[in-house]
Structures are given as C-alpha cells and as structure tokens.
Amino acid sequence: MSKVYDWFEERLEIQAIADDITSKYVPPHVNIFYCLGGITLTCFLVQVATGFAMTFYYRPTVTEAFASVQYIMTEANFGWLIRSVHRWSASMMVLMMILHVFRVYLTGGFKKPRELTWVTGVVLAVLTASFGVTGYSLPWDQIGYWAVKIVTGVPDAIPVIGSSLVELLRGSSSVGQSTLTRFYSLHTFVLPLLTAVFMLMHFSMIRKQGISGPL
C-alpha cells in the first residue's frame, strides 16, 4: 500500500492537500451554533442519496405518480424507510437553513468582506424553498395538485407578463402532465445541480476568508 500511496503522493501531493484541509484555524468563540450550515449540507447529501434511490421506482406521470409512491411505501424493499428519511431530512434541512441564516445575521457574518458569501447563502435559501415546492407536488395527490395550482397561479397577478409566467411554470394553460414533468425535472436535476454549484462557491469563500469573528 505504501508504494501505491507514494506513487500518488509524488504526482498529486496528497499530504499537502490533506494538511491544508485539516489545519485551518478555528476561532475560540466558535460554538455548536456554527455547525448549522454543516448540518444543512449533511441533510442535502441525505436528500440526494434517498432521492436517487426513489427515482428507480417513481414514475412522473399524472396517472402513475401516486401509485408509484404507494408502491415505494408498501412494496419496495425499505421503500417506506427511504421515503420517510427523505421527508424528515427535507424538514430538517429547511429548519437548519433558517436557523443558520439567523445565526449568521445575528453574529454579523454577512458584513465586509463576506458579502458574497451571504449572497450565495441567500441563493441557497431560495433553492431550498424551491426544493420544498417542487417536491411537495411529486406524489400528485390532492394536496400536491392543489398546492401546484396555487403556487403556479401566483405570478398571474403580475401585470403584462403574469399569464406568460404561469404558462411557463405549468407548461400549458392548466395544471397537468407538463406541469408534473417540469417540477420533476426541476426537483431531480436543475435544483440539485444549482445547489451543488452554489454550495461549492459558498464553502470555497468560507475556506478562503475563514469564520467571522465575534460581535
């Protein structure tokens, strides 16, 4: 094993990278409340893993979506556990994100020179809320259907472009298959990709600038 490690070390300087990751200074004022962002990240990773597992059984059609969710809950091996963890972790992610935002605001972590870190965090908060809206509709039950109808109907109040935005969100003039397809694509591909990109930016800036000092 040492020869294999030495081969990679010679080319990639693994030890230097590991030292840089593990040797960052942690200010003495840091407490458990500074872990809220990391807990949010952990919840996101759980969401990715459990969500990926459910894509093997979920069918994003208005005629089969609800039945496929029932199959996951009643027949698929450990399907009930995977979906339950997905739901619990989703709620935990939203809660931890809200608490993290409050912690950063109350401790002044948004001030110079960390304005861009705050901006990426706000974007991540919006993406997290979007996960909730799109995921809520996927079982395509009565609650999901009417939630989608209400949410996608909100932009209709915007002058001039309102009706166009509604049709863009729904895929047609009414809620149906096109709407479910759009929400499924957003929930399983677009939002996770954007979240991963902004999380990378967010953590890179934290690594560069360090943790903000006490008030």
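Quick reminder: no glycine exception, Cβ is built from N, Cα and C everywhere.
Source: prediction; values computed, not measured.
According to Swiss-Prot:
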TRANSMEM  32-52  transmembrane segment
BINDING   C35  heme c binding site
BINDING   H86, H187  heme b 2 binding site
TRANSMEM  90-110  transmembrane segment
BINDING   H100, H202  heme b 1 binding site
TRANSMEM  116-136  transmembrane segment
TRANSMEM  186-206  transmembrane segment
Length of the line joining the Cα atoms of H187 (heme b 2 binding site) and H100 (heme b 1 binding site), in Å: 23
Stretch among 32-52, 90-110, 116-136 sharing the most Cβ pairs under 8 Å with the transmembrane segment (186-206): 116-136
C-alpha spacing of H100 (heme b 1 binding site) relative to H86 (heme b 2 binding site), in angstrom: 20
Length of the line joining the Cα atoms of H100 (heme b 1 binding site) and C35 (heme c binding site), in Å: 8
Spatial separation of C35 (heme c binding site) from H202 (heme b 1 binding site) - C-alpha basis, Å: 15
